[in-house]
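Comments concern the structure below.
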Amino acid sequence: MADIIHVMAREILDSRGNPTVEAEVFLDDGARGVAGVPSGASTGVHEAHELRDGGDRYLGKGVLKAVENVNEEIADELAGFEADDQRLIDQALIKLDGTENKSRLGANAILGVSIAAAKAAAESAGLPLYRYVGGPNAHVLPVPMMNIVNGGAHADSGVDVQEFMIAPIGAESFSEALRIGAEVYHALKSVIKSKGLSTGLGDEGGFAPEAESTKAALDLIIEAIKKAGFEPGKDVALALDVASSEFFKDGKYHFEGGEHTAEEMAKVYEELVAKYPIVSIEDPLQEDDWEGYTKLTETLGDKVQIVGDDFFVTNPARLQEGIDKKAANALLVKVNQIGTLTETFDAVELAHRNGYRTMMSHRSGETEDTTIADLAVALNCGQIKTGAPARSERVAKYNQLLRIEQELGDAAVYAGRSAFPRFQG
């Protein structure tokens with residue numbers, strides 16, 4: 001296998017106009033891998049550390065320190081490594097950093113190199129990334145969980161829930177799912193417009209109307225699904241990312257004008273699941289409320305997937321604690337929360353081994369990098385969350401999945417409704 005001869009990085013812009021790291025890894029056979037690192041708006045306190053410069057430049061959000069760490073320390077460390085030994089490369093990066101949360105070199109520096117190394121190795125092997133990572137059995141196309149209404153930290157609307165998603169579960173293929181999602185998205189625009197609400201967009205391409213409540217936003221989406229000619233619950237299901245840590249203050253959930261306990265929030269979710277065809281609720285409770293998650297999973301876990309994002313931060317140790325406590329039943333997979341590919345692989349493997357579902361995810365600050373599309377197929381996630389079917393940094397991932405589906409041909413299988421507990425048994 002080819003050896004790494006050069007590693008470098010540069011500062012580029014993400015989809016929110018903030019700097020991020022782009023890393024490149026070069027091999028001695030001419031192969032090269034490039035990776036752009038995403039960045040989140042609502043970040044969990046347990047995430048790996050994103051290194052920013054501070055000061056006035058880019059309002060303190062520059063990443064020149066992280067870039068310098070790649071160009072100097074990391075480049076020196078990885079010279080001569082065999083590119084196909086991903087675990088050894090990632091272990092070397094973790095050891096070089098020397099901190100628990102990758103705060104010395106920066107998770108944004110480490111992740112960029114980790115992904116770029118895998119891409120270079122895939123090119124050297126003459127394989128697409130999904131096949132290089134996932135092997136010959138990588139063939140399941142994920143259900144696109146399309147965020148078509150943005151609230152919370154992703155928008156300037158009054159809606160507290162951060163993401164309202166549609167899941168085209170009734171499609172026969174990924175390409176059909178994408179078409180259904182796009183048609184509902186366009187129908188939603190006309191529904192919102194007809195009610196005199198704003199059709200402005202949030203960070204992830206979804207609309208950000210001033211809906212009165214969570215139910216009002218869900219009603220808009222149900223109307224759009226019907227207007228597009230589809231049946232809610234049969235063709236298209238709904239999903240929520242509550243991101244509840246964002247409105248948890250002083251021991252209470254400040255939700256829709258009131259102050260609520262975890263028990264009261266659980267009642268809210270039970271009502272929503274009873275009224276709407278919801279298949280997934282992400283981060284329904286504050287990120288350290290283990291007891292609350294266990295109770296909620298016991299109550300609702302057989303009906304919907306309870307997804308840990310800020311709760312698990314793609315961290316195998318936190319996920320293991322969740323498994324032990326029967327807290328949540330699905331893992332949101334964000335490579336930049338943990339900071340290397342192999343740690344991400346370990347988290348997904350642990351989830352699958354214990355019957356937890358997995359959803360590959362973008363961040364609200366994205367680049368045109370399509371790695372997560374390949375990883376969703378490679379790791380058999382069955383679900384991917386990468387925004388609305390609009391804005392090129394979101395669509396880039398969907399388009400990559402179209403290419404993968406076409407390349408797989410008859411071997412391709414679309415996960416569809418089988419991906420969700422509401423349709424099991």
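Every residue, even glycine, has its Cβ placed from backbone N, Cα and C.
Keep in mind it's a predicted model, so treat the numbers as computed, not measured.
Some features that Swiss-Prot has for this protein:
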ACT_SITE  GLU204  active site, proton donor
ACT_SITE  LYS334  active site, proton acceptor
BINDING   GLN162, LYS334, ARG363, SER364, LYS385  (2R)-2-phosphoglycerate binding site
BINDING   ASP241, GLU282, ASP309  Mg(2+) binding site
Review point. Within 8 Å of the Cβ centre of ASP241, GLU282, ASP309, which other residues of the chain have their Cβ, at the recorded Mg(2+) site?
Key: GLN162, GLU163, LEU240, VAL242, ALA243, ILE281, ASP283, VAL307, ASP310, LEU332, LYS385
Exercise for review: Tell me, if you would, which residue among GLN162, SER364 (binding-site residues) has the fewest other CB atoms within 10 Å in the structure shown?
Suggested key: SER364
Study note, to complete from the structure: Cα of GLU282 (Mg(2+) binding site) to Cα of LYS385 ((2R)-2-phosphoglycerate binding site), in Å and rounded, measures 11
Point to revise | recorded positions near the residue listed as 'active site, proton donor', in sequence order, restricted to ASP309, LYS334, ARG363 and a 10 Å Cα cut-off | key: ARG363
Check your understanding: Between the binding-site residues ARG363, LYS385, whose Cβ has more other Cβ atoms within 10 Å than any of the rest?
Key -> LYS385
Check your understanding: How many Å lie between the Cα of ARG363 ((2R)-2-phosphoglycerate binding site) and the Cα of ASP309 (Mg(2+) binding site)?
Key -> 11
Practice item. Mind giving me a neighbour count for the residue listed as 'active site, proton acceptor'? Other Cβ atoms within 10 Å of its Cβ, every protein chain shown. Key: 27
